[in-house]
C-alpha cells in the first residue's frame, strides 16, 4: 500500500483522524468521566481527556466503552466546579462541567463503524487526576469555545491559529533528544507534520547529523499511531527513529527532498530515505516559506555530494531507455508534480489502461483490450463527449468541460475505504458512503467512468502494486447493504482474474505491456504535459474547472477570510491538477519490439541510395516520417556494404552529399576535396586549397556550394556548378576543426579555443559571387575545440574540447547554458538526440556519455573496449565508427554492442547518414570511402 497498512488492535484507540478536518489536538490529561447522577456504588470511567481546537474527546481505558467526542460549537456552557470542602463528607475533587446539545459516540464496543450522534441536552462531568490543572484546562476550553461560537468561519480560524501560535511560541525543541552530545543545531522552527487528512503541530530541529520533529502535544507516542493507520515503506531504524515523543531522520540516509505546495502555498517539504518509494519518511508544512527554504537548502548542501539531482527529463531518458518501468516512471513524475501520498488532495494519479473487464481471458496482445491513452477519461465515450461539448459551447467564461476532477480526496478513499475506513469517516463526518456508491466492482466502476455524467476519475498507484488488501474487506467492516440485497464485502473482480493477487499481477503486467509502453506518453501529455492546459488542452477535450489548475487563483489575495477559507476548502476537496512538467510533446518510449510496418518500396529504389529527396524516388519518400526512421534504426544491424573506393592518399576527414544524391564530396588530411560520382562509381574532381589538411566539409542549403575547414586556419567555399573555389574565410588563429551551417549562419570551431558565429550576406543570387561574412559572436572555451554540433532547430550548439569538456550554448544569445567536464581525453564527436533533449559524446577515454540538455546532468556512462571516433544515433541506438575500423551498433538500453560490422582497416574517422537513416557512408584512416545500405 502507498501509505496504509491494516492497523492492529491496540489500547491506543485514539487517532488524529477522530478530529475534524483542519482541527488540532492540543493536550491530554488523565481524567475520570463521572455520570451526572453519581452515587458511591457507580463506577467512574477512567480515561484520557483530550483538548482539541474544536472539540473535547474522552477516550476511556475500557475498550468496551465508546470514545466520546463533544463538539465545542454544540456546548452551551463549560465551567469549573470547585472542589467540595465539607469536613463531614469525603473531599470532592474540582471538575470540568460541560453542558452540550450533542455527543458523538465512536468505536462503540471497540468496533470500527460509523459514528453515532446523540442529540439533546446533556451534562457531562470530568475529574482530572491532577486536580491542580482543572482550572487551567477550563480556561483553555472557554477560549476555544468562544472561537467555535463566532459567527464567521474566518474569525474562528484566526482565533484558533492565534492560540496555536501562542502555544508554539511558549515551547521549543527539547535538545535532550539529540542522539549525540556533540551535535550542533543549525536551525529550529515551528512546523506541522502532515499525514493524510491530518496536521500535527510541533517543532523541527536540524543539526549537522539529524533532522528531528517533536510534536507539540507529545503525539504520536508510537510509530503506529502516527495517522491512525501506520505509514508503510518506512525505512528501518538505521535512518528513521521514533522515540517516545520525537521523530529522528539521519541526514546521511536522506536520498531525496522535495519542496511542496501545501494548501496551494509553497510551504511543504517532503523527505525520502529511499530512491524509488513514493511514500516519504516525513512531510512537513512550515508557517513561512523562508523557513522552509532555509532548511531545504541546508539539507541540499549537506547532501550534494551523494544525492543525485532528479529532473523530469532525467527520468524521461531513463524510462525511454528501459532503465525505469512504466510504474516507476509514473511514480517519479507524480513526485515531481507535487503529488504526495500524505496529501489526499494531491494524491498520485495513475491511468486506467485496460478497457476489457468482461472477458474470461485477458489478451494483452490485442489493442482492443486497452483504453485509448490519448484521450482523457471524459472523452472516451463519444456520446457523452458530444453532450459535454454542447454544454461547454453554451457556457459563459471561464468555460470547462468537466465539473469534477480525475483525482480528489473522495476518489482516493473511494478506492481505499476497506483499508482506510477511519480516513473515510474523517472525510465524511463519521459516515460511510451509500452502499451502492461504494467501490463494489472494478467492472462497474470502469463502466461508470465511461458513462456517468460526472465521473471522470483515474486510478491510484495501489492498482499496480503488490498489496491487494484494498480489494478485500479483511476488517469485516459493515459497509452497508446494496439495493439488490447484497452486503458490501470484497471488491468484485473481472472474470479474467482468479483472485485479488492475480488481478494485481495481470493489471501491472498490462501497465508494462508493449501497447501501453508505446502509448503512455500520450497520457503523460494530458496529465503532466503540454496538453494539460491552453489551446492544446481544448483541442484534446482536456479542460477541467479553472480552480483545479496551479496558479489559477491566489487565495492570499482574497481579503474576506470567510471567502478565502471557503475557496481553499473547495479547491482542496475538488482536486488539483498536477504541476505541469513538460511544455512540448513527450517522446515515445523506445521499445525493443517494433511494429511490423511494411517497408516503403522507395527505400530500395535505384536512385534513392544516397539522396534524402531524390527525383527518382517515390513521392512518399519526401514525407520523412518518424515511423520510417524508427523502422530503419530497428533494422540497422542489416547494414551491408554496397561499394568501397580508395580515392584519397591520407585519412578521410569529412563527407557531404548533394541533394539529388548524385555526388559525394569528401575531405582528407591529404589537403584535397574530392567529388565522387555515384553513376560512374569513381571520383570526377579533385581540388586542393592549400598544402594543409582539410578537417571537415558540408553541403550548403543551396545545394551548389561545399564548405571545407582546414588546418591552415581558414574555411574554403567550393562552387559545384563552376568547379572552383568561390570564397575564403580567414577567421581563426589555429586549425579549424569542424564547421556547421544553419539559416545563413556559419559556425566554425577551432583549436584556438573558440567557436565563431558568422552571418553570411551574399551580394548576389549566383553561387559563384563572393559573400561577406560578419562576425556575430565568439564563444570562448578553456581548451581547443575539436567538434561542434547543432540541434535540429538550430537553437542550441554543443561543443567538445581537447580537455574533455562538453559545453551547451544558446545560439540566439550566444551564452553558455551548461559546461560539463565529463571526459578525461579529447572529445571526438558530439550530437543532439532527435528531440534535442539529450547529447551523446565520445572521446579518447573510450567513454560514451549521455547528458541531459536542460540540467547538464550526466545521465548515462558507457565504457567501451575501444575509442569511438564518430557516430549517428536516434536517442537510444548508436551506430559508431571505432578505432579498430569496425562499425559498432550500440544499444544504450543495455549498454551493449548488438552488432559489430567489419568495415575499415584503420579507425573510422568520418560518417554520413541520409535523413531516412537507410544509407550510410564512412571514411577511415585506411583512405577508403565505403557506401552502406540497409537490407530489406
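Using the three backbone atoms N, Cα and C, a Cβ is placed for every residue, glycine included.
Fair warning: this is a prediction, and the values are worked out from it, not measured in the lab.
Record note: among 595-624, 625-654, 655-684, 685-714, 595-624 is the stretch given as region 'Disordered' by TrEMBL. Residue counts for the repeat 'WD' (729-759) by DSSP state, with H, G and I taken as helix and E and B as strand, are 0 helix, 21 strand, 10 coil. The repeat 'WD' (778-819): residue composition by secondary structure is 0 helix, 26 strand, 16 coil, according to DSSP.
The average pLDDT for the repeat 'WD' (778-819) in the predicted structure is 95.
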